[in-house]
Amino acid sequence: MFIRNLFFYTGIALAITTAFQPHREWASAETKSSIQNPLQQDTATYKEDFEASAKGSYAPGDLDLTTGSWHLNNALIGSAVADLKHGSRSVRMKTGSIAMNFDLQHIQQVYISHGVYGQDRTSTWKLMLSVDGGKNYSQVGAAITEKKHNLVTDTFSVKPFYKMRFRIENTGSNAAARINLDDITFVKVDPAVSTIDTSKLADLTAPTSEHTGTATLSGKTRGLVYDVDIQPEKGDNSNMLFGNPSRASSTTPENYYLDLKYYTQSYSRSKAIPNWVSWHLDATTTTRIADRMDNFAGFSELPPEFFVVTSSSYVGSGFDRGHNCPSADRSSSKAANSATFLMTNMVPQAPRNNQRTWANFESYLRSLVDAGNEIYIIMGNYGTGGIGSKGPATTIANGNIAVPAHLWKVALILPQGNKDLSRVNANTRIIAISTANVNTIDPDWRKYLVTVNDIEKATGYDLLTALPERLQTILEQRKDNVN
């Protein structure tokens, strides 16, 4: 799922969801006049009207246009009477594609005017998005069935990313069925009307800058820093879509709810570790735009009575600073990756447990994303006392940080798509593992497969509460049989 509910525009709630359901409106003089044609990266919109260049054949080739270089495959620039157009030219495309050879930043809406060329038959096209420079594409919303013989305009809402390029594909089965495309307009995030606190937007050109005014990203402590790639608060792709397993809240110190934007968690004041951390994983969160930041820091926005764990709290303990939400699950921006290095995301974890068994499981889950899936994940711990590289311990940092006895994780896997809750069925794959927090552990995570019921019995939590009881019963008693 690539769309997330992030912003309100002009007083109307704009649901940015991966449903990407296009909003259709008839093209009008008012619609056209409200869309400007800026060409600079610091402006609010960019419009490609295809008036600046000519291409008279369907042969594949690159074309320099107003917005940049585009690749046209089985498409040309049409200016015939039969071509639907707002000006004098538009794209005429058979079964093929037009694609940007360049990237834009922080696009949140795309407008496309389109229609059937001449008296051709019905065709189908779709909008595709890449956040990795054109290496991989994912479909934006539903495909458009082209039936109208006049231009109509569809609006696609997309989650803003630092690096974005688009491709339009005519996928109709009839190669002779042509479509016209015109006035493709890209709308950027506008901080003036965004409900995101722009004072905390991470400056990607200066990643060590801290926008809370308290510390640098590499300091001992820092507050919450985030960019436009945060998860939505609810709905598809939200970090806690499948429920709050312990009913964490901001009024319960031992079950203290924290929303770190890139993941959510329940935190324990007395243990100074998370009880559990929950997040969503898909291709948009693992774009590798940002390198591993390694900027471990205490979280400065905890209540004053909480012990603030810093990176030095783990020094000499014999335990790793074990991520719950892994660094590699959040590489879409420096802010996203930095969020995983807040110490509220860490537990004392036996080094071999962390660096081999859990690292292998995390890599496996990301490979499922690479194969076209999205995953809802929750990780937690229970019990007291682990065995690190220096032997057993129940606490570290002079008794301020508890060492858990067991670590667990539940991953619910879905094919990439929309309306995630409704797509879960009795055959949905769930992987649950639980390991002792010891250094003498097998690297093969498959040896530690359990059921969700096993984890619920050990922790007292109620997982997957957003699902119907009947479905919970089926899924929670099944152990994965991965080879």
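Placement of Cβ uses the backbone N, Cα and C atoms for every residue, glycine included.
The domain 'DNA/RNA non-specific endonuclease/pyrophosphatase/phosphodiesterase' annotation in TrEMBL covers 259-470.
For 260-470, the entry in TrEMBL reads domain 'ENPP1-3/EXOG-like endonuclease/phosphodiesterase'.
Every protein chain shown contributes to the tally, and the Cβ of His323 (active site, proton acceptor) ends up with 22 other Cβ atoms within 10 Å. Summarising the annotation, TrEMBL assigns active site, proton acceptor to His323.
Annotation source TrEMBL lists Mg(2+) binding site at Asn354. When Cβ atoms from all protein chains are considered, those within 10 Å of Asn354 (Mg(2+) binding site) total 22, not counting its own. In the three-state DSSP reading, Asn354 (Mg(2+) binding site) counts as helix.
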His323 (active site, proton acceptor): secondary structure state under DSSP, collapsed to three categories: strand
Rounded inter-Cα distance in Å - Asn354 (Mg(2+) binding site), His323 (active site, proton acceptor): 8
Whole-number mean of pLDDT values that fall within the domain 'DNA/RNA non-specific endonuclease/pyrophosphatase/phosphodiesterase' (259-470): 97
